[in-house]
Amino acid sequence: MRPESPQPQDRIASFERIHTMEEEHPAKDLLEMEGSPRDQDDMTRMGKIQELKRNFRPLAALSFSAVLQATWEFVLISNTQGLENGGLAGVFWSYMWTFVGFGFIIVSLAEMASMAPTSGGQYHWVSEFSSPRYQKFLSYTTGWMSVLAWQAGAASGSFLTGTIIQGLISLRDPRYEPQNWQGTLFVFAMIAVIYFFNVYAASWMPRIQNILLALHLLCWVVIVAVLFAMAPHNSAQTVFTSFHNGGNWSSMGISLMIGQITAIYGSLSSDATAHMSEEVKDAGFYVPIAIAWGYFGNGILALIIIVGFLLALPSVPDALNDSTGFPFLYVFRQFLSTSGVNGLTAIILIPVIFSNILFNASTARQTYAFARDRGLPFADWISRVDPRRRIPVRAIAISCMISGLLSLINIGSQVAFNAIISLNVAALMYTYAVSISCVIYRKIACPETLPPRRWSLDRKYNLDDKGNVNIEDLRLSSSLCIAISNHEPRRDVDWITPQPYPANLKSNAEAIAAHDLVAGVRYGPNLTQRDSVIPLPNSKVNLSLKYLQENKHKRDIEYDSTYYHSPLERSKIKGKGSFSEKCQALESIHSVYDRVVHDIDRLFTTLSDANGLKSTEEAEERTKIARGAVVEVEEIETKDMKIVESTKPKRSRVRRGKGKRALDVEET
């Protein structure tokens with residue numbers, strides 16, 4: 001049997017781009033990046049290079065999710081819309097059905113994060129699961145909507161913090177009149193704190209996540225104790241049955257839908273941990289757990305806070321007309337002195353500030369991922385990772401700059417600023433709806449092509465694999481994707497790869513060929529409708545891999561057919577591009593061929609012992625097919641090489657490496 005070929009990192013070291021990557025990111029081995037073998041397999045399957053250091057452990061990932069969402073904090077300080085359009089009962093019941101309904105969305109996001117743990121999140125999932133016909137358009141638009149949503153949410157978080165500080169000042173000094181430009185200056189101060197923590201204290205952030213989680217819970221205990229023990233209470237009947245239509249809508253139902261924005265605010269951003277996937281060890285397993293547990297845990301805490309707040313709220317109209325602009329400050333003033341209100345508000349602001357810091361971190365990773373996949377202008381500059389800190393410093397800086405620029409709009413018109421900030425709700429709900437729609441399509445049309453998931457409703461709760469739960473998610477996310485204007489700002493708020501960039505290993509070119517190589521097994525007769533590298537649905541390679549898939553449960557060696565799955569549809573070897581770019585693509589494709597042949601070798605060398613075949617004749621027959629498949633791959637590689645050689649410039653020479661299928665390119 002043929003020996004294993006050298007690792008891709010060794011075989012492509014002669015290319016200029018790889019030299020650049022090695023200089024910028026030395027020691028890219030698995031040990032230093034602290035990723036598990038499953039992490040490496042996931043990144044290779046998705047065609048990504050591990051550039052960020054995986055320093056988030058399971059508990060740190062869960063803490064990150066819980067602290068960033070800060071659900072109980074934001075439903076407490078940002079509930080004006082809910083009280084104006086729904087009243088006491090409206091806030092409670094709208095939160096209840098949003099919490100339950102949004103839970104379906106969360107588990108779908110968690111499942112997709114398990115299948116494709118990448119910082120790209122929704123736009124990458126859309127690219128993997130959507131129909132090839134609409135893949136680029138849907139993933140490109142989803143990527144932009146996701147970027148806009150997260151950037152708007154990052155700006156609103158800093159703005160909300162600044163306006164609360166202004167409210168406290170006006171509470172202490174009734175003569176103080178808040179000015180828009182002063183709020184913008186508070187935003188700048190918050191942005192400076194965010195940048196410092198996310199850049200200069202980045203190495204400490206994973207270590208202090210557990211402390212932040214404890215602080216998040218401790219502050220909740222203090223607020224709950226004060227609301228239930230010190231505040232005068234309404235009757236339960238008033239809280240659960242008293243509705244208010246302050247917006248003068250035509251019906252209470254419409255008013256409740258508008259006021260539901262308060263509950264939606266606390267439920268958004270649950271996908272934040274997914275955007276940190278490339279910094280979480282064993283992300284395919286622990287990221288979905290962090291997403292799900294973070295949401296449901298925060299949701300229960302928020303429910304208790306809401307009940308305590310509504311019991312302590314004596315008058316909805318008075319709360320809405322309070323001089324501070326925040327109903328929760330009005331409630332605190334009913335039973336606390338000014339100093340007590342300031343102290344209790346500070347207890348709320350501390351976790352909110354850390355939530356803003358983590359929110360910017362997740363925003364920067366999402367922006368970095370989209371730039372890495374050529375979705376943004378100046379992609380190379382934005383996606384560069386700091387070689388010493390192993391974080392996307394430029395993406396962090398871009399996110400902070402955008403927050404600052406958006407806050408300048410507030411100087412001229414707070415209404416215009418609020419309108420821009422409201423984009424995060426509709427945009428983020430759009431990304432949820434599209435990604436869930438695509439996974440529904442894939443589950444119904446061809447479930448066998450889905451990547452493996454280590455966190456799945458199908459396994460945990462014995463649900464069917466036809467997307468029934470995901471359909472409920474789609475219904476809810478579509479109904480919530482409504483443009484809502486004139487509401488207070490708040491921080492809440494993957495075209496994955498535009499076209500393969502062969503010269504850049506950041507693209508998914510590494511898995512293009514294998515995607516079509518096993519398409520006869522994974523996609524059936526549809527293979528003939530696309531330009532494939534191996535247009536043989538009945539080829540020996542496909543027969544071998546099909547047998548491999550069918551008999552994997554009989555063997556003691558691991559095999560994962562979805563390793564070869566790629567979001568891209570075709571190789572660019574035959575397309576336009578420079579000679580160096582085509583060499584790069586060819587080298588990446590050959591690395592996948594190596595994996596295919598290696599897996600076939602592993603299978604057929606263990607047939608007689610592991611599979612319990614009925615006869616030695618069957619083993620010999622399968623072995624013959626496997627050897628034929630190896631020859632077939634060699635022939636296809638030779639054909640690819642001839643195509644690339646035909647495009648070489650006169651000043652370049654290409655030579656075949658001895659004993660391997662590597663290309664050495666030298667510019668004379």
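Cβ from N, Cα, C; glycine included.
Just so you know, TrEMBL annotations never went through curation; they're auto-generated.
What TrEMBL says about this protein:
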TRANSMEM  55-72  transmembrane segment
TRANSMEM  92-110  transmembrane segment
TRANSMEM  143-169  transmembrane segment
TRANSMEM  181-200  transmembrane segment
TRANSMEM  212-231  transmembrane segment
TRANSMEM  251-268  transmembrane segment
TRANSMEM  289-315  transmembrane segment
TRANSMEM  335-359  transmembrane segment
TRANSMEM  391-409  transmembrane segment
TRANSMEM  415-441  transmembrane segment
REGION    646-668  region 'Disordered'
COMPBIAS  649-660  compositional bias 'Basic residues'
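In this chain, the transmembrane segment (181-200) touches the transmembrane segment (391-409); three or more CB pairs sit within less than 8 A of each other, excluding pairs fewer than 6 residues apart. Here the transmembrane segment (55-72) has long-range neighbours at 34, 203, 206-207, 209-210, 212-213, 216, 220, 223, 266-267, 269-270, 272-273, 276, 279-282, 286-287, 289-291, 293-295, 297-299, 301-302, 304-305, 351-352, 354-355, 358-359, 362, meaning same-chain residues at least 6 beyond its ends whose C-beta is under 8 angstroms from one of its own. Two recorded stretches are said to be in contact when at least 3 C-beta pairs lie under 8 angstroms, sequence spacing 6 or more; the transmembrane segment (335-359) and the transmembrane segment (143-169) meet this definition. Here the transmembrane segment (289-315) touches the transmembrane segment (212-231). Their Cβ atoms form 3 or more pairs under 8 Å, with each pair 6 or more residues apart.
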